[in-house]
Amino acid sequence: MVLKVYVSGMSGNKEVKKRQQRVLMILDSKNIKYDTVDITEPGKESEKELMQNKSTSNGGTVSDPEPRHPLPPQLFNDDEYCGDYDAFDMANEIDTLEVFLKLAPADTTAVSTAQIELKQENGDAKKEEAETEAEDKKTEAGDGDVDVKEEAAEKAEV
């Protein structure tokens, strides 16, 4: 499955440009692979029509809350519609971006499982070290108590 982000390279709307940049920045920061489709390039009319026909959210902005056609950025997983900027931003905020983008669970959990196992192994090693140190201290403290008691007994005899 290929994540596609439909953008407009020639938009005069600053809010649309900022939204496009934010979507791409978030995807890059989360190492999510995607293809950018610039609907304003010559020969991309079919992609523009696909975006406009399959988008269920119009991506309204402050300056144009009810646009006639969906505004970029619009996100698709292959040809399956994921959502517009507002839905993307909300999914990012509540940490459900992978579900929103309809990414395969194996793609995102493989790394997470490996990291969790590594942390558990490291945690077990640290736990064993701490237990060993605690036993050593108990042994040392125990020997020290015997010496203190013997010294006290010797002083009492004198």
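Every residue number used here counts from 1 along the chain in the order it is shown.
Even glycines carry a Cβ here, placed using N, Cα and C.
Annotated compositional bias 'Basic and acidic residues' per Swiss-Prot: 40-51, in sequence order.
Away from its own ends, the compositional bias 'Polar residues' (52-61) comes close to residues 13, 15-16, 19, 67, 69-74, 76, 79, 81, 83-87 of its chain (Cβ-Cβ under 8 Å, at least six residues beyond either end). The compositional bias 'Polar residues' annotation in Swiss-Prot covers 52-61.
Residues or ranges marked as phosphothreonine in Swiss-Prot: Thr109.
Per Swiss-Prot, the feature region 'Disordered' maps to 40-74 (among others).
Residues or ranges marked as region 'Disordered' in Swiss-Prot: 118-158 (among others).
For the motif 'SH3-binding' (67-73), the model gives a mean pLDDT of 85. Under the heading motif 'SH3-binding', Swiss-Prot lists 67-73, citing sequence analysis as support.
Sequence-distant contacts of the motif 'SH3-binding' (67-73) (same chain, at least 6 residues past either end, Cβ-Cβ under 8 Å): 5-8, 11, 13, 16, 19-20, 23, 39, 51-52, 55, 57-61, 84-85, 88.
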